[in-house]
Every structure is written in C-alpha cells, then in structure tokens.
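K.L.:
I have a structure I would like to understand better, so I am pasting it below and will then ask my questions one at a time.
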Amino acid sequence: MNFLRGVMGGQSAGPQHTEAETIQKLCDRVASSTLLDDRRNAVRALKSLSKKYRLEVGIQAMEHLIHVLQTDRSDSEIIGYALDTLYNIISNEEEEEVEENSTRQSEDLGSQFTEIFIKQQENVTLLLSLLEEFDFHVRWPGVKLLTSLLKQLGPQVQQIILVSPMGVSRLMDLLADSREVIRNDGVLLLQALTRSNGAIQKIVAFENAFERLLDIISEEGNSDGGIVVEDCLILLQNLLKNNNSNQNFFKEGSYIQRMKPWFEVGDENSGWSAQKVTNLHLMLQLVRVLVSPTNPPGATSSCQKAMFQCGLLQQLCTILMATGVPADILTETINTVSEVIRGCQVNQDYFASVNAPSNPPRPAIVVLLMSMVNERQPFVLRCAVLYCFQCFLYKNQKGQGEIVSTLLPSTIDATGNSVSAGQLLCGGLFSTDSLSNWCAAVALAHALQENATQKEQLLRVQLATSIGNPPVSLLQQCTNILSQGSKIQTRVGLLMLLCTWLSNCPIAVTHFLHNSANVPFLTGQIAENLGEEEQLVQGLCALLLGISIYFNDNSLESYMKEKLKQLIEKRIGKENFIEKLGFISKHELYSRASQKPQPNFPSPEYMIFDHEFTKLVKELEGVITKAIYKSSEEDKKEEEVKKTLEQHDNIVTHYKNMIREQDLQLEELRQQVSTLKCQNEQLQTAVTQQVSQIQQHKDQYNLLKIQLGKDNQHQGSYSEGAQMNGIQPEEIGRLREEIEELKRTQELLQSQLTEKDSMIENLKSSQTSGTNEQSSAIVSARDSEQVAELKRELATLKSQLNSQSVEITKLQTEKQELLQKTEVFAKSVEVQGETETIIATKTTDVEGRLSALLQETKELKNEIKALSEERTAIKEQLDSSNSTIAILQTEKDKLELEITDSKKEQDDLLVLLADQDQKILSLKNKLKDLGHPVEEEDELESGDQEDEDDESEDPGKDLDHI
C-alpha cells in the first residue's frame, strides 16, 4: 500500500507523471522487483487502474501479468490480483461506464486482447491448471477470466481446451465445488464452453454432467428455484439440442424420469413469479428438445414412450387442464404435449382419454378446439392448439376415424347436451372469422391425411343450412362458400381441404365433379387475369382441377379425363394452366411452411400454408403436369400398362405369399424334427440312468452273494454236529418250494430274453433296408446305437441270471446235504440220548442260521423281481424308440414330397416370371419409343423375386442335410 500511495502521490504532484508513465513504472516494478511484497503491491495497483485505463494496462502489463501467473503460483494473493486484472482487460462488462459511441471500440478491445492472450496456447493451459487450486482468490477469478475468453473468441478457445489434456474434466470439477459462487459461475463457464461444439458436449455429458445438473436443480427447488436453475437448464439445452448421442445417453441413464417433479405445480392462481415462469418455460423447451420432429424417428419414439411410462405426459396434461396457468406457459405446454404425442400411438390414445375438470367432463381435445375456433383467444394459443390437433392425428388412423365419426349422422348427439369435435370444426369452418375458417379447414384436412376410408366416410356428412331447405353435403357446402368470394385466407383453407380430400380418392372426385357448377367455377378462376393477391387462389384452383383429372376414374361421361383436358386447352391453355399451377410453390410463404411441422407465424396474415399440404403439392405438381400434356392414346396405353403391371404384381404377390406359406410350413417341420430330436435325447438320458441303476443293483447283488457264501461256510462247520428237531422237515419243504419258484422265474426270464433277441434281429433287418436319405440315416444310426446298448444290457442281464442259476444250484446241493445230515442225525438220536440237551442247544443255533438263510433267499427273490421289472421298462423304452423311428420315417417322407412339390412350384414360378419379364421389357421398350420415362421399380421387384426364390430353395437343401 505504501508503494501504491507513493506512485499515486507522485502522479498528483507533478503533471509530467501521466497515467501511461504510472502504468509503465508499475510494470517495471512487477518485472524487476525481487521482493514478493513489492510485486504484489504493483499488481494490485494495476488491478485498480485496469478498469479506467483498460487499453494502457492491457498493452503494457499483459505480458508481465502472464509471467506472474507462471512464476508466482505459490502466492495465491498475487495470482488472484493478476487474474482479476486480466479479466478487467478482456471483459466487456463495464460497457455501461463507457460512452455509447465507444461501445464498439470496447468490444473490439476485448476480442483483440483475447486474441493476444490465446495466441500462446500455453496461456490457456496455464489458466486451466490454476483452476485446480482450491483457494477462492485463485479459482473464482480464473473461472471468470476463462468465461470471458470463451465469450470473446469461443471457437478458438474451445479448440484449445479440447486438445488440452484433462481440460474439460478440470472444468467439470467446478460443479462439485461447495462454494455456490464458484459453482454457479462454473455453470456459466460450461454454458459458454458447450455452445455449438458437439465434441465438447459429448465429453461434458460423459463426465456425469446430467447427474450433477439435475442434482443442482433439485437442490434449488426445481421450478421454484432462482436464476441458478435457469442457468442449469440452459446448459442442459446446450448439451442435448441437436446432439443425438447425448439425447440417447440422457434417455438410457433414466434421466427423463427425474424431469417429472419439475412439472408438479399446484392449481393456484398465485405463486407464478417471473423467475418461475422462465424456469418452467425452459423446462418445457428441454422436453421438446428430446422429442423434436427433427430428431431421428427411433430416438424420438423411445423418448416419447419413456415420458409416458414415467408419468411425465400425465403431468403435462395436468398443467394443460389446470386453472390459473399463465398464457405463455399454457401455450408452451400445449406445444410440448403436441410433440410428446406426435406419431406415438400409445401417447395419442392416452391424450384422447384426458378429460377437462368441468361439469360434465369434456374431452381435452374438445376444450382445446373450442379455444382454436374462438377469435377472442390469443393468436399464439390458437396456433398451439392447431399444432396439438395435428400431432394428435399424425399417423393415427384410429384418432382420424374418431374425429370423422363425430360428424356422421349416426353418432351426433340428438339432445345437443354436448359439443363434439366435429361440430366445432364445422362451426369454425363456416364462421365469419377467416382465421377460424383456415384453422378448421386445416384441422379437418389432417383428419383425412393418407386415409382413404375417412375420405369416403366424410362424403356422408350432411349439413342443415337453413330451416325448410334440404340438407347439403359438406363437400357441396365447401364449394358453395368458395364460389361466394370470401376472404383469401378462407378460400385458401377451403381449397387446401378440398385438394387433400380429393387426392387419392376417385370416389370423392366423382362426387365433386357431379356438381356441374364446380368445373366452370375452377376454369373461370384460373382463366382470369387477377392481381398478385389472387394468384395463389388461382394456383390452388389449378391444383384442384389437376387432381380431378389425375384421380378421375372416368365414371362420369361428361367429365372424363380427356374432356377435362380439352376443356383446359380451350378455356385456359396448357401452358397458362401449368404457369398458374406453379404459383403455389413460388409463393414466399410456401418455403417457410415446408420447413417445420409447427405452424409458427408472426401474425394471422402470414397463416397461409400448412406443412403437410406443402408435401402434397410437391408430390402432385409433377404428375399433374405430365397428365395434362398426355394424349388420349398415351393415357390408354398407360392404363393398359398399369393394368398389366397390376396383374403382374398380383401374380408376383400371390407367389410370394405361397413361398412365405411354404417357408412357414418348412419351419414348422424343422421345429417338429428338433422336438423329436430332443425327445430322443431325453430317452437316451433315461436309458443311461437306468443302466446306472442296473449297475448299482449288480453291485448290491454281488455284495449279497459274498455275504451268502460266508454264511454257507459257517453253516457247513456247524451242521456236522447239529441235530434237527421235528420242525426242520417243514423248513426244508419251504426251501424246496422256493427253489422251484426260482427255477420257474429263470425259465420265464430265459423266454423273455429270447423274445428280446428276436426283436433285436428284426430291428437289424429293418435298419439294413432303410432309405438313402441322410436324415433317416442319422436317425437309424442313433437307433442302432440304442439297440446296441440294449443288447449289451441284455447280455449283462443274462450273465446275472446265469450267476443266479449257479447260486440256485448251490442251494439245491446244500439242501441235499442237509437232508442227508438230517437222516444221519435222526438215526443217532436213540444212541445219543445222554447228549440230548447239548444237541438241543446246537439245533436251536442251526435253526437260527437256517432262518437267516431263508431271509436272505427272500431278499434274493425280491432282487430278481426288481430286475425283471427293469427289464420290462427297458422293453417299453425299446418299443417307444421303435415308434419314434416310424414317426421320423413318415415325417421324412412328407418332407420329401413337400420339397419336391415346392421345387416344382418354384420352377413354374421362375418360368412364369421369365415370361412376365419379357412382356414387361417389351412394354417398357414401347413406352420408351413413345417417349414416356420408365422407372426401374419393376426390375428391382423382379430381382427381389429371384432372391426370394433362391431363399425358398435353401430351406429344402438345409433339410436334406438334417
């Protein structure tokens, strides 16, 4: 401060010390002083002079200030002063203090100093590195300086930051700063950084910007927040507008769901501050950015579905029907709802079900149409309602039918208690307000857009013009008003409605021509030489007459195509007619309306053309011109060619359908074959499981056999000195009966094994006489493998039965030995009476052993029964595999017959297509000789037919490989 006082004191003491000299001394002190305090004081003095003497400080001190940023980073105070000084030099925010005549010079100074600063890219990189400092006195001036650089020379600074390592990531950290001043200025910095730069927008989005910005908006109170919410919404618009990648990332990140709380506003008449209106307006615009008609259709459709699923559309409809909503918010909400439902059937159906909170409830569409045809409503609101109605009917044939049905006699409410949409449109169509006439005509035209059914249905509408007079059709009433010479806006609207109605609808053309006054009126309008204001009406009349010729089915003899063309040539002249037709596309408002679907006009006088109508004009202008210049012979030839082509198309379509059906049948057969394969695999797994179970039973049987052998050895040792009592002969008889049963079981198993052998031999013989087709060979091979496995299992069963027979033989020999020993012991009873007590105890022991032996014999018998049941199950599986073989054989025969028939039909089709191609080529040559341009669509269709023929042959080939 002492240094600053000395300098300022010296400046006031003598007039020789000018401002430039003072600034020069300060710059010298910054450059040469070795004390940090002196340099700091000098930079502080330069900061105080930089606002008033911006040019002098900028010229002399910028280089020294940049040097301070490079060398004195350890002192945050001097860095802060240097950044503030640079900001004052570059920024144009002090323009209010400058005189008006020097405002442009001030702006030039800012851009020139910015260019000097960024000439060395290292300066911007240095500034980015300083933003990493957490010190408030460094970070905040750095943010303001970088924002000012971006405002002055945005594209150049953006490119430097883009190529700087981690440049954008450093700036994203500002959003996480706990100090609101830095965070809020960081949002402003990112606004300037992301403006019109798609690459930076993507980087910022993938640095989690959506999450942070939505958090800030939520923390600040959503729509009730302050200017910070506004800045965040502007930044979100920069990131999403015209950036399909970021829009997809926003949708995939489920951020659309987080937008719903923004629109949870109460139904109060108060509480709409200016900031809240601004915030809500930006929020609605952000929704429109995601569903804009200029976005790719797939992205728009997915966002529309997400908005319906999360309840955002329902919330917008709530605002739409609420009371006390400001007019501009209501208008923007209508436009937003329009684009959310445009072309999305689910959303359109929901919007049709929305009712206004009235008594009785009325559909929202009816309430909106009441505003559209009310001339006391604001113009922008009426345009928004028209856009909403157009979007509701866009690609919505169901909605078009509902609107037209409200005009039909069978659906009109006879009591008159409720007003329908059709009645409102008719009322607006014939009111005294020309703007209502135009809006109603365009709205009704959208109900007929690309819908021939509703064009025919609308012909049934009858109107009661006055009491006592018969009703007239809607078509007749439109032509009557047209001939009465009303305002230009009304006539343009009615002519657009009639052109849309008659296009691609020969029945409507016939009804129009049936009134004998219509054609003379049109020719009279076209033939007159009127002023520039009437030229547009003449062009539309020429278009309507051309549509009546081009879509004429010659059902009326007095107004056939040729007679109408002769009438044009006599009354108007072909060249004059084509010139008048060209007035439409040459009109200055035509190109403006063709750019966007939304009817956005500065005033009602500019409301002339509809966007969809401009598409119709572009489509029909050329074909009508060709139709006017064609002769009758050319028309006949063209009709013949059309009929021939239609027949050819019908034939091709028929065969295409046949091929599709055959493809479906082949696909079904393939599925059946795959199902049978799966069943076969399941059977194989079942057999494998049974084989494992049999092995387990084998192991158990071997274990029992070993235990039985040990018990026999113990019995032999004890039986030498044992004596039988009177019960033993009965036990021996039981053993004999069980042995006989075992013999019978063995014989039964032997006979069953013989039957199995014979069945296997029959299978072998049937397999050797199989077909040569590869599919049956594969199935036979699999079945032979199964049969081989069954044979191996039967062999094991045979070995098991043999081992059982050996065991039975052993039991028989043991029984004979027991009988012999019993006789010996019976004879020795008389002699050995004294040892009777000892023998009795031994006999009891032997009886216990014998009972154990009988128990084991019973268990063996149960095991044999179980093996017999398993053999029966194996037999049943073998029978099922035989039936599977038979089914596969029959399916294979069917497939062979169907493939043969398909190949024959395809060969016939190829021959027929070749003949048709020759006829088409000859017809095309004739057309070319007559000078008629020929399109190549038929050649492409024939190429597609050949491709489909090749594809239909491939399934048969694939089936042969199965």
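Note that Cβ sites are derived from N, Cα and C of the backbone, with glycine treated the same way.
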K.L.:
Between 554-602, 603-651, 652-700, I'd like to know which one TrEMBL lists as coiled coil.
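P.N.:
Range annotated as coiled coil by TrEMBL: 652-700.
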K.L.:
Would you please say which range out of 738-779, 780-821 has the annotation coiled coil in TrEMBL?
P.N.:
780-821
K.L.:
Across the coiled coil (780-821), what is the average pLDDT of the model, as a whole number?
P.N.:
64
K.L.:
With DSSP helix as H/G/I and strand as E/B, how many residues of the repeat 'ARM' (60-97) fall in helix, strand and coil?
P.N.:
30 helix, 0 strand, 8 coil
